[in-house]
Amino acid sequence: MTKNLYLGVMSGTSLDGVDLCVMDFAKNPPKLTACGFTPMPEDLRTDLSHLLKSRETSLQKLGEIDHRLGLLYAESIKRFLAEHHLSASDIQAIGCHGQTVWHSPNGNFPFTMQIGDMNLVAAHTGITTIADFRRKDMAVGGQGAPLVPAFHEGIFASQERLTVVLNIGGISNISVLTPQQPTIGYDVSVGNALMDSWIELHQAKRYDKNAEWAKTGKLIPTLLDSLLDEPFFKLPAPKSTGRELFNLEWLAKKSANLTAYRPEDVQRTLAEFTAQSVVNELKTLESEKQCLLLVCGGGARNPLLMQRFSELLPKWQVATTDEYGLDIDYVEAAAFAWLAYQRVHNLTSNLPSVTGAKQPVSLGVIYPK
């Protein structure tokens, strides 16, 4: 059977590395046929983390990181293809998100910035590469995010019940798939970003594996209440956010004396904050019938978060996308393969009901091989 393969590449706000997957669009629905992961080199991760947290850099430093990311993507792709016995000629196009370093959709001059030189990706892989997906949506009045709900709609929508796909990366975003209604999707809260930053600060670990550290802590009710009292949660959808809001500086401002608490108690409270802030939004959506919550992203591997979702959402069936045929770690990468397919065929790929754009458009800039 003829194959129609597109490669999706994603590196998210967690800075852990690069997700890659191949989708076969000869299938309906498209099928994930291969997936892989390349860890972020420590020196590049350190420089990116500093850039995201300090918000200050030089043009030279920004340009150098842009180049280094481009090389990382290209080398990751070549190694991935070799491991899966694929050649460049097997792949129709690459859809590469790039690395978000700033996302500010609501200012006087709205903009979003993803870096990683895609000229290098196209040149080094010999494959047409498509990137810069967000700015076209912003150019027609949208938030530039989230872009994945259109893909979720095609894969997970049901005519029988409300389905919400919750992606927990650095930030938590949802796709709301309601029968006979336009799909909507938006960022709802922080995801892993605060928990990751806090354990990195105190234990020099990238993340709290299996919530082991958080489980040793006790909830701090006053801190939790302060965190939940965030104006972002009162904004109407569609809306988007990022590390420029939810960071350790924000956390410090939410507490009169953060150092008075045991670090593990803060970690437990951050986990509860992530769970409750997401649940508060989901409860505004639930119907009388049982609803389905499909969780993907790194947060789906956090047993404490999954436990709290089940406890706090009695009307919902809580599952991971693994149980519905799509690996939890590669949903976003798969979405960018889909976005590349849409761009190659000049098909629209944003949903105005999701991003707030004035019109549907085909997203992405093409970098020929």
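Backbone N, Cα and C atoms are what each Cβ position is placed from, and that goes for glycine too.
Among the features that Swiss-Prot reports, ATP binding site is placed at G12, T13, S14, L15, D16, G17, V18, D19, with the record citing sequence analysis. Counting Cβ atoms from all protein chains shown, V18 (ATP binding site) has 25 others lying within 10 Å of its own Cβ.
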(message) List the residues in the vicinity of the ATP site, defined as same-chain residues other than G12, T13, S14, L15, D16, G17, V18, D19 with C-beta within 8 angstroms of the site's C-beta centre.
(response) M10, S11, M40, G169
(message) For each of G12, G17, count the other CB atoms within 10 A of its CB; which of these binding-site residues has the top count?
(response) G12
(message) Suppose we draw a 10 Å sphere around the Cβ of D19 (ATP binding site). How many other Cβ atoms does it contain, all chains included?
(response) 24
(message) Can you give me the same-chain residues 6 or more apart in sequence from T13 (ATP binding site) with a CB-CB distance under 8 Å?
(response) L52, T100, G169, G170, I171, A193, G242, R243
(message) Under a three-state reading of DSSP, tell me whether D19 (ATP binding site) is helix, strand or coil.
(response) strand
